[in-house]
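K.L.:
According to Swiss-Prot, the protein has these features:
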- 62, 67, 73, 302: [4Fe-4S] cluster 1 binding site (BINDING)
- 88, 92, 95: [4Fe-4S] cluster 2 binding site (BINDING)
- 73-291: domain 'Radical SAM core' (DOMAIN)
């Protein structure tokens, strides 16, 4: 069993010291508007779930990425599992997940994940991961093993994956993923291409679009999904262009949410998008042909993913 050592990863200032576009530390961040306030929970379910996760040597993106919805989701007994460790090979300046030399894959992780999902009595599970540029298939085989283990232990469950870009190894990764296909395939486009060098160093906008479309062409019966964060400095026109690009690349579902700065060393919040604008963008997305849209300040790609999959409104 692989034990993850959180002391061996860089965070915040240290993590972002080597990205190509330097970010000045924020000294006077924008004041959060009332609609972005997050209620903290003292529910015992939160601590119980954290205990269960640690006992099974599992990591959640909810914790690692400092998700604003953690208390709500944990309080309801749901979580988005982050496989393949807690150290990412990328240094995205919007993300709070740590950077470092990844640990070896844990061969027991698929079974531990399946058992935890069973204990939680989940009917819908989201599996994501760090980027693993050190692996020849980007970790796709491990994804398939986790999906298959979860399904074997939990008959009837629906599995959504939120995958990295598998840059430089798309065909190999999709060949491996074909051995354990998900019910929903999600890869987040994150932001407008103009901001990629600053926000997503190591990623490539056309490549991400191609990954989504290539998966759809190979597995046309599986819904594809992507998401954007707003408030990084993009314009309304750029948001609409990205939405159209996603539709042109056969993406079925869309999430839009507000970017929140994890620390003062990360990309600053350029603006807080109003609930009204989120509603307008959601309506436009539906007109563009997305079958399912979740648009709101606290929406994240896996926030109430089960309800998103059922077509219910999430905002």
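Each residue, glycine too, has its Cβ placed from N, Cα and C.
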K.L.:
Can you tell me how many other Cβ atoms are located within 10 Å of the Cβ belonging to residue 95 ([4Fe-4S] cluster 2 binding site)?
P.N.:
24
K.L.:
The domain 'Radical SAM core' (73-291): mean pLDDT?
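P.N.:
Mean model confidence (pLDDT) across the domain 'Radical SAM core' (73-291) is 93.
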K.L.:
List the Cα distance (Å, whole number) between residue 88 ([4Fe-4S] cluster 2 binding site) and residue 302 ([4Fe-4S] cluster 1 binding site).
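P.N.:
Their Cα atoms are separated by 19 Å.
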K.L.:
Could you tally the C-beta atoms, other than its own, that fall within 10 angstroms of the C-beta of residue 92 ([4Fe-4S] cluster 2 binding site)?
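P.N.:
Step by step: centre on the Cβ of residue 92 ([4Fe-4S] cluster 2 binding site), count other Cβ atoms within 10 Å, giving 24.
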K.L.:
Cα-Cα, whole number of Å: residue 95 ([4Fe-4S] cluster 2 binding site) versus residue 302 ([4Fe-4S] cluster 1 binding site)?
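P.N.:
A Cα-Cα distance of 15 Å.
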K.L.:
Relative to the Cβ position of residue 88 ([4Fe-4S] cluster 2 binding site), how many further Cβ atoms are located within 10 Å?
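P.N.:
Residue 88 ([4Fe-4S] cluster 2 binding site) is surrounded by 25 other Cβ atoms within 10 Å.
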K.L.:
Would you mind reading off the Cα separation of residue 92 ([4Fe-4S] cluster 2 binding site) from residue 302 ([4Fe-4S] cluster 1 binding site), to the nearest angstrom?
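P.N.:
For residue 92 ([4Fe-4S] cluster 2 binding site) versus residue 302 ([4Fe-4S] cluster 1 binding site), the Cα atoms are 19 Å apart.
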K.L.:
Setting 88, 92, 95 aside, what same-chain residues sit with their Cβ within 8 Å of the center of the Cβ atoms that define the [4Fe-4S] cluster 2 site, listed in sequence order?
P.N.:
90, 91, 94, 96, 97, 99, 130, 131
K.L.:
Counting every protein chain present, what is the number of Cβ atoms, excluding its own, within 10 Å of the Cβ of residue 302 ([4Fe-4S] cluster 1 binding site)?
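P.N.:
Excluding its own Cβ, residue 302 ([4Fe-4S] cluster 1 binding site) sees 27 Cβ atoms within 10 Å.
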